[in-house]
Every structure is written in C-alpha cells, then in structure tokens.
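J.: Structure provided below as structure tokens; questions to follow.
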Amino acid sequence: MTQAIDIRQNRPLPTSPFSEKQRVPFRDPVLIIEDSPELRALLLQMCRNLGIDAEAFEDGRQALEAVHRRSYSAFIVDLEIPFLRGEDFIREIKTLLKDPVILVETGNNDPETIIEVMKLGVLDYLIKPVDFQVFGQSMKRISEYIQKKETERILQEETETRLRAQLDWMLYKQSWMSDLEKTVDVSKVTLNNIKQTFMSGGGIGGIVSLIEIVESVASFEGERCVLPKEIVELLFQNNQPVHKILKSLEKSMEILNRDMICRMESLRIDEFLEFVSEMADNASREMNEVLSEKFIELGFYRQNGCAEGSIRIDRDSFRTVFEELIVNAAKYAADHSKILIYHNFHNGMMNLHVKNEFDQDAVPGVPKEKELLVKQPFYRLVGYVYENFPMETIFSGLGLTIVDIVMRRHSGTFQISNIIDHSISETPIETVLASISLPLVP
C-alpha cells in the first residue's frame, strides 16, 4: 500500500481524524492555487485524505481559466502567487461569481495582516505551514457554511415563488371582483360603514360595495343614469386609494422580477453615506405632516471617518427598501419619540440601522419569537396605524418581505427585532432596531 508523505518534513501524514461517514462533503471540486509544487502536492493529499475532490494550479491566470470551464465549491488561495497575486485573484473571482467561498493561506501571522486578509471578504485563513488538523476543521466549517447557504437559497426561492403565486391570485381576484354582479340589501349597508371601510384601508372592498349599491339604487331616465350625490362623492374619494393600492401591487411585482445584478453600481463609502443622508432628508420632508402630528423627530447620525472600500447596490431597489424601513418605523413609533438612522462597520460589512421607540401599551414591537415571521408575506403583528402613509410604495403586507429579498440579492442581510436601548435615557428602553448589512468591496 502506498503511504502518503509530508513533503516538507519527509514523514507520513497524520492519520485522518475523520471516519468514512464523517468525510467532508462537497458537491463540486475545491480549487487550490499554490505556486510551490511541494505545498501544492501536500494540499491535494490532505484533500484526498478528507474525501474531497480537488484541482490545483500554480498561478492565478490558470485558475481563472479553469473557473470559466467548470464550477468549484470553494477556493484555497495562496496570497503570494505569480502572474496574478492572490488579492487580485480574489477580486476577480468576486466579479465572476456570487458569494464565492474563499480560504486564504499565508505565511504571515501578523494580526494586522490577517485583518487585511479578512477584509477581502474571505471565509477563513490558514497559516503556513498548514497543520492537517486545522486544515480539516477549516474544510469542515466551509462545507457546513456551503450547505447552510444552499438551504437558505432553496428556502428563499420557495418563498419568492409562493409570494408571486399569492400576488398573481390577488390580481386575478381583483379583476374578478371588479366584474362581480350580485344583489345586495341596501338597508344593511350604510354610508358610514363604507366610510369606515375606506379609512381602514379597504379601498377595493369599498369600491365593490359601492358598485353593488349603485346596482340597487340607480335609476335610468332615457340614456341618463341618476345616482345619489353621496354615493358618487364616495366613488370619487375612493378612486385615489384604490389606484395607489394597484400601483403598489405592480411596483412589488416589478421589484420581485427585477434583474438587480445588471443594475448594480459601485459607490465609495462616502458617496453611499451621502446617498443615505439624501434619502433621510427626503423622508423627513415627505412625512413632515405625519411626523409633526405625532411629535416625532427623524434624523441620520453620520460618523466621522469611514472604512475603505465601496458598496455595490441597485440604487432604485435600495431606495425602495430603505424608505420602507423608515415608513415602518414611523408607522409604529411612539408619540414624542425619535427615529434614529445610523451606521457602523463590522467584519467586512457596512451596517445601516433604523431605530424607533414604540408604545408598549399599543404595539409589541418585534418580539424574538416573531423576528422571522414578520418577514413572511402578509404577516402582521398589529393593524396599521396609518393606511395611506406617505412614501409607502410597496403593497400592504409585503414591505419587510421585499426588504429581505432585496438585501439577499445584494449579498446582504436584513434583521429586525426588539432591543434594550441604554442610550436614550437613564432608564433602559425597549426599542425596535431594523438593520441591513451590505458587504464591503475592496
């Protein structure tokens, strides 16, 4: 039987700590870039010992050519390689693939160097000489990460498919209801009830009810139709809300079907923060009447200095979801409170936060057990405070769902939950914090 040899130390490789049932699973091969023939052979041997299919190349140009020919589960990249440096290869692969899984190997264990390496958006790093136990643990973490991302992708696709089906059904139902003809007992439907329906957001239902009333009370004089003035006025008044509802439904469908990757552009951090500042100022102006009525202050706190790098976004899509977060905060914010927008940087991500206080006697905020549910289509913790809210362009019940979908398509994340805030007053206050995170691009 042929024995595997550690080329660097001329001794047998340690026995694999992984049994056959525990071998690290990868769907596609792992690509290795290492210019040293000895280390390249060593990495290939360690992959074989772990049951991992792998291909190795001595420089970045050869590796890029291979990437164009087939798919790889992960990339093990030596930073010091000829022709195309490791950092440049990582940047290239990030433009070619969405969320590539990268493991960097380096001979420099200086903390500052390691921090700079992690800023490239890699998942893990190895220090040369590579220890087999450490290598095995890293590959196991990478495999688990890939499986988790694949599960999330499948779940997201199922959610989007289900959402499209629900929207298609609603459009069909609206078309059917607009043609509905049935007899109604006018005595059971009063104008006050219809007005209340309009005020609670039932514009479409109100129109159908009014049409039913028109059927019952209309009188014809030759070619003319005579209707009570009050009913006609209500039809006119409800036209705009219904138009807004249908427009928001079309907008939501358009966002779901939008190819955001092709629309993305790179913004420097300072440009991105200026964009956020402009959106916050615009929201303050557009919602001035509502905010003033509730004595709510809306502000963007911009930190001095910023991280290096840039952000890739589809401006229109990002504007829509960012405004939705502001609208959501304003809807449920307590009277005489503040809505604070601020940002920070952590682990290669740009984090943007929208924080609002809420009246605990009226709404529960977003309790921990509801954090995932509130991102599902048409799930509501409470009824709407305002129905025709300024700047609300997403269909009712889909706001946070679309925020989550758009952020995932930006390779980012969205979270919303209650937190205990110690910065507002001497007494800790429970607030709602909505956070969106975007990866920093070198």
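Glycine residues also receive a Cβ, built from the backbone N, Cα and C atoms like all the rest.
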J.: With TrEMBL as the source, which of 1-21, 148-168 is set down as region 'Disordered'?
T.: 1-21
J.: Non-local Cβ contacts of Asp78 (4-aspartylphosphate) (under 8 Å, 6 or more apart, same chain)?
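T.: Spatial neighbours, sequence-distant, of Asp78 (4-aspartylphosphate): Ile33, Glu34, Asp35, Ser36, Leu39, Gly86, Val104, Glu105, Thr106.
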J.: With DSSP, how much of the domain 'Response regulatory' (29-143) is helix, how much strand and how much coil, in residues?
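T.: Taking each residue of the domain 'Response regulatory' (29-143) in turn, the totals are 54 helix, 22 strand, 39 coil.
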